[in-house]
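Worksheet: the structure to be examined is printed underneath.
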């Protein structure tokens, strides 16, 4: 009886450690994905002197910024299908 209980405890410990590894790998994959998205070259629009002016040049963007006098589209709007 004691051997059965100890075996069950060992099996549960192994399953718990494997699930922790799976969670760690999944969170690492999310970090990689978000890093890849940040590396995408942003769209660039016309000249600007401040951020609000960029919405006129980049109407399809959710977030625009004026970077070094040029409008940069950071997140493009994609309509739902």
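Residue 1 is the first one shown; counting continues down the chain.
Cβ from N, Cα, C; glycine included.
Among the features that Swiss-Prot reports, signal peptide is placed at 1-26, with the record citing sequence analysis.
The disulfide bond annotation in Swiss-Prot covers 48-66 (among others). Secondary structure from DSSP puts residue 48 (disulfide bond) in coil. Within 10 Å of the C-beta of residue 48 (disulfide bond) there are 22 other C-beta atoms, taking all protein chains into account.
Under the DSSP three-state reduction, residue 54 (disulfide bond) is assigned to helix. In this view, residue 54 (disulfide bond) is surrounded by 26 other Cβ atoms within 10 Å of its Cβ, with every protein chain counted. Per Swiss-Prot, disulfide bond is recorded for 54-71 (among others).
Residue 73 (disulfide bond) counts 21 other C-beta atoms within 10 Å of its own C-beta, drawing on all protein chains shown. Taken from Swiss-Prot, the feature disulfide bond covers 58-73 (among others), and the record attributes it to similarity to another entry.
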Cβ neighbour count within 10 Å, max among the disulfide-bonded residues 66, 71, goes to 71
Here the Cα-Cα span from residue 54 (disulfide bond) to residue 66 (disulfide bond), rounded to a whole number of angstrom, reaches 7
The rounded CA-CA distance in Å from residue 73 (disulfide bond) to residue 48 (disulfide bond) is 12
